[in-house]
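Scroll down for the structure; my scribbles are underneath it.
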Amino acid sequence: MTRRLSALEATLAVLFVLMTVVSVTLITLMATGKAHTGPESFLIGLGRADCTGPAADIPLMGYAVPQQTAAGIHTRLYSRAFIIDDGRRRVVFVTADVGMISQRLRLEVLRALQLKYGDLYRQDNVVLSGTHTHSGPAGYFQYTLFMISCKGFMKESIEPLVNGIVKSIDIAHSSIRSGRIFRSRGELEDSSLNRSPHSYLNNPESERRRYKWNTDKQVLVLKFTNLHGDGIGMLSWFAVHAVSMNYTNRMVSSDNMGYASYLLEQDKNRGQLPGQGGFVAGFSSSNLGDVSPNTKGPHCMNTGLPCDYLNSSCPVGGTKQCGAFGPGADMFESTRIIGHSIYMKAKELYGTAVEEVTGVLHSAHQWVNMTDVTVQINATHTASTCKPALGHSFAAGTTDGGGDLNFTQGAVEGDPFWDGIRNALVGEPSNQSQACHHPKPILFNTGEMNWPLPWHPQIVDVQIITVGSVAVVAVPGEMTTMSGRRLREAVKQELQSEGAFRDSEVVIAGLSNMYTHYITTFEEYQVQRYEGASTIYGPHTLSAYLQKYRRLARAIAQDRVSELPVGPEPPFFTKKLFNLLPAPRIDRKPVNTSFGDVLLQVLPVYRPGDVVSVTFVAGNPRNSGDIRDKTFVTVEIHDNRTNTWEVVYTDASWETRFHWLKGSFQRSKATVDWFVPAAAPSGSYRIKHFGNFKEKKDVFKPYEGTSDVFTVTGSFYYQ
């Protein structure tokens, strides 16, 4: 006789089976190390790390002004990494406060990642992008043109960048957790202008009519949250040059884009010092080739009158006297205004981002020999890219920083004087190169110059990563506004051609993976302003890139990325790299002083809005070695309750400036300025300076100095 199960027993049996199934499933997932994130979530990791290099002697990268060498810190430089994983694939996007990513920098980062993580992070799924600050240390290129202009290849410059970028990825890797991504898009006006409008107007009128502006005003924001909806980070793109800090600046600075990051991170990481806190805010460059933040436009500095429209020069002083400034009274105020505007727009879009990014990840990458790409001009004709060359207008510079010699923008004919000097020094360009680059009059035929190493790269990275419907196109140079529009349109067309991608958002990440100067449209190239003269692979450069990126996008749309050929691997030079910058000499000090002694003391009392200044006996900052995650400066407030000093500002803070002055007989001074903010609490303060001095060869000793205690008060009057 069988016993009938009661309803309770049946229920318990079903629950037991369900619990067993759930337990087995969880154990299996844990064993495989992969968690299914669901259709509306990803695995997300964010990281930020200091990548500040030497703050003295090293040339600053961007303006190519020989006398613009580092002499202090305005703000520190950071690398910000964003890792996204859909359970099958993983992508990494890094935006770093650096002039541009060089090929050597990328290769060294990839080698370091391979040693740590094997094949997890590779050339196809890692994008490195530079913010394009022109106030970061140079010396991290392996090609001769850049080594000459930057005093060589310097380990002390490239190592902080490599280590900082890798550390930011390490932090992101270790913080991976389930999260969600939202996107938002808006426009930011009054923060940019086209610095080559004459070139832009050479584009077809029918094409120009499609756009309201002659620069891209779009801001794209990706908002990262945890599964509870709490914000953990933000990544945005906006097209503007980071040249609010001009060529007279000699302090390491992250410029306007870095200041935007600083503001949002300080906003979200309340109570934390700069570079600390879990919220990571990345502001990335885009198609900024012809876009300036100097919104007052170009004027002759000696007369105040507008510069010549066609060639951006002045009747007296030529191109050097033609400069664009604004919107502020000086470069610091302009940096603050532009950076704050970018921050405010990104914060607004971050706060309203509700469109969720879902779907899968893709990454496609190829190495391409850009010196010999055949492009289809029409149904019957083809053309080719060229060996690299720079035109005469390259030497004219731009309205953001003009050249010293008598070159002007818009030159379509050579100059017999300069051509003669060039021929005597490096040889005449071949007829083939001259014909290929026409109408560019070649100043330096870098593609035919290979001593001691090639002057320009031949092998170039092209890469696209997609996160759901968002496609990030990593461009190895500075695309102009219209070039970027054509590229975005081409990539979007290919992605949506197969039906797998709908409502795609295509964004260009400029200055990515390596540097090949500028990329203009064919029409802009004919005008031969600075950007056209710096389009090194010839008039069909953009057409070649469109062709290559279309192919990547098509492979992604068809899910056939694995069939793409890898392409020719770029060189990694180990010999003939040179360094023209001597090691810092032994530090000396005035008689009867010690390093860290105060030479110019603070005043007893200050009010908000004042500038506190103190000068110390100092060593050469280069003698402090790796300065990442350290500081030369602290501003400290006294806590009367605990009788201790609390650090409230460092040299990473916008409110401080660290100036280094190389004196005679190797006697250095360091001046620290603290701009007392309006919100500074009343109390007792002091300023400290830290550093190392070189006592003798290979012997470095730390020192520190402290100012007198001073008071910050809202009023000099007491009741």
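The backbone N, Cα and C atoms fix where each Cβ goes, and this holds for glycine too.
The shown structure was predicted, so the numbers you read here are calculated from the model rather than taken from an experiment.
Marked as transmembrane segment by TrEMBL: 12-31. What TrEMBL records for 42-547 is domain 'Neutral/alkaline non-lysosomal ceramidase N-terminal'. According to TrEMBL, the Zn(2+) binding site annotation covers His132, His241, Glu478, Tyr518. Residues or ranges marked as active site, nucleophile by TrEMBL: Ser292. Annotated domain 'Neutral/alkaline non-lysosomal ceramidase C-terminal' per TrEMBL: 549-712, in sequence order.
For the pair Tyr518 (Zn(2+) binding site) and Ser292 (active site, nucleophile), the C-alpha distance works out to 14 angstrom.
A Cα-Cα distance of 12 Å separates Glu478 (Zn(2+) binding site) from Ser292 (active site, nucleophile). A straight line from the CA of the residue listed as 'active site, nucleophile' to the CA of His241 (Zn(2+) binding site) spans 5 Å. The candidate set comprises the recorded positions His132, His241, Ser292, Glu478, Tyr518. Of these, Glu478 has the most other Cβ atoms within 10 Å. The record gives His132, His241, Glu478, Tyr518 for Zn(2+). Within 8 Å of the mean position of their Cβ atoms, the other Cβ atoms in that chain belong to Ser285, Leu288, Gly289, Val291, Gly477, Gly510, Leu511. Averaged over the domain 'Neutral/alkaline non-lysosomal ceramidase C-terminal' (549-712), the predicted model reaches a pLDDT of 97.
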